[in-house]
Amino acid sequence: MAMVCLNDFEEYAKQHLSKATGDYYDAGADDCCTREDNLLAYKRIRLRPRILRDVSINDTRTSVLGMEISFPVGIAPTGFHCLAWHEGELATARATEAVNTCYIASTYSTCSVEEIAAAAPNGYRWFQLYLYRDRKLSEQIVRRVEALGYKALVLTVDVPYTGKRRNDIRNQFKLPPHLKVKNFEGMFQEQAGSQEEYGIPANTLDPSISWKDVCWLQSLSRLPIIIKGILTKEDAELAVEHGVQGIIVSNHGGRQLDGGPATIDCLPEIVDAVQGRVEVYMDGGIHTGNDVLKAIALGAKCVFIGRPAIWGLAYKGEEGVREILQILHDEFRLCMALSGCRNVAEINRNLIQFSRL
């Protein structure tokens with residue numbers, strides 16, 4: 001069967017991954033209302049296309065933190081890529097390098113930050129960071145990624161505790177013995193045999209994380225800091241006050257707090273709150289180039305895809321991720337042209353109409 005859209009890759013992945021692995025990637029918290037609304041919210045948004053604009057040439061390029069990328073879609077941080085494809089994050093890194101876009105490597109990678117950097121030495125990479133009760137763990141990995149040429153730290157702030165993902169509990173999800181959270185390999189030997197949560201000892205994450213820790217990170221590294229997990233204008237304003245360089249509007253793919261809003265619904269108030277002082281990105285629910293266009297029109301500088309990258313991996317590794325990105329690129333370019341936009345700078349809120357249904 002020809003793989004025509006991202007839904008085709010999702011269907012393939014669901015048929016070929018084990019139940020526990022498929023459930024892990026698909027998981028949402030509790031009743032999965034927020035996970036589902038991330039998708040449904042785009043259907044409440046309509047486009048107001050302009051015509052007779054000469055779209056014989058259109059340009060999808062944009063930039064994030066001053067770096068030009070081929071189009072405003074990057075790869076969001078997602079864990080355990082080796083569950084989907086044997087080369088895991090190495091394949092993902094090579095695919096994003098080939099397409100010339102941004103890859104946010106996850107703390108919970110099944111390949112190390114060193115291996116990822118070596119696999120795609122010319123790729124544009126950020127690193128997603130959690131803060132742990134033992135700050136030395138976080139400090140060590142920050143120093144490693146800075147030395148390896150990662151270009152930003154993406155601090156995930158919506159996981160003081162892990163959300164209740166029912167199927168993972170039912171399946172008693174654990175990494176298989178041959179896979180590890182490679183960035184921390186050998187660091188928890190003294191806790192061997194203790195209860196694990198997604199590959200590392202339970203209760204390792206620090207629920208006391210606060211804005212003062214952003215200042216601590218700034219004292220530790222010269223890398224730009226991007227806050228991932230903001231959903232309100234109040235927190236967006238605090239992020240700007242604390243000197244971060246970017247915000248990713250994110251609800252963790254609906255995996256944390258159920259009953260929260262869809263990310264695309266939060267985007268306009270956050271864009272309005274920061275008033276261009278920092279770049280605003282978003283993730284959650286992106287399945288088509290049409291979705292990308294709507295997010296950019298509402299003020300996102302770039303969007304990041306999580307689960308679709310996994311579907312691409314499950315289909316054909318690096319080639320599958322490249323296909324996913326190419327489909328989104330082609331759909332985005334077409335939707336731009338059909339809406340009368342010749343370049344990304346021409347995409348703005350005048351293109352958007354919210355449905356009254």
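The backbone N, Cα and C atoms fix where each Cβ goes, and this holds for glycine too.
For H252 (active site, proton acceptor), applying a Cβ distance below 8 Å and a minimum sequence separation of six or more within one chain yields T156, D158, V159, G163, G229. Among the features that TrEMBL reports, active site, proton acceptor is placed at H252.
Neighbour list (Y24 (glyoxylate binding site), Cβ cut-off 8 Å, at least 6 residues apart, same chain): F80, L83, R165, N167, D168, N171, F173. The glyoxylate binding site annotation in TrEMBL covers Y24, R165, H252, R255.
When other Cβ atoms within 10 Å of the Cβ of G79 (FMN binding site) are tallied across all protein chains shown, the result is 21. Here TrEMBL flags P77, T78, G79, S106, Q128, Y130, T156, K228, S250, G306, R307 as FMN binding site.
Marked as domain 'FMN hydroxy acid dehydrogenase' by TrEMBL: 1-357.
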Hey, how far is G79 (FMN binding site) from R255 (glyoxylate binding site), Cα to Cα, in Å?
13
Given a separation of at least six residues and a C-beta threshold under 8 Å, show me what packs close to R307 (FMN binding site) in the same chain.
E10, Y25, D26, T78, G253
May I ask which residues of the same chain, at least 6 positions away in sequence, place their Cβ under 8 angstroms from the Cβ of P77 (FMN binding site)?
I104, A105, S106, T107, Q128, V154, T156, K228, G306
Winner by Cβ contact number (other Cβ atoms within 10 Å) across the binding-site residues Q128, T156, S250:
S250
Beyond Y24, R165, H252, R255, what residues of that chain have CB atoms within 8 A of the centre of the glyoxylate site's CB atoms?
A27, G28, A29, T162, G163, D168, G253, G254, Q256
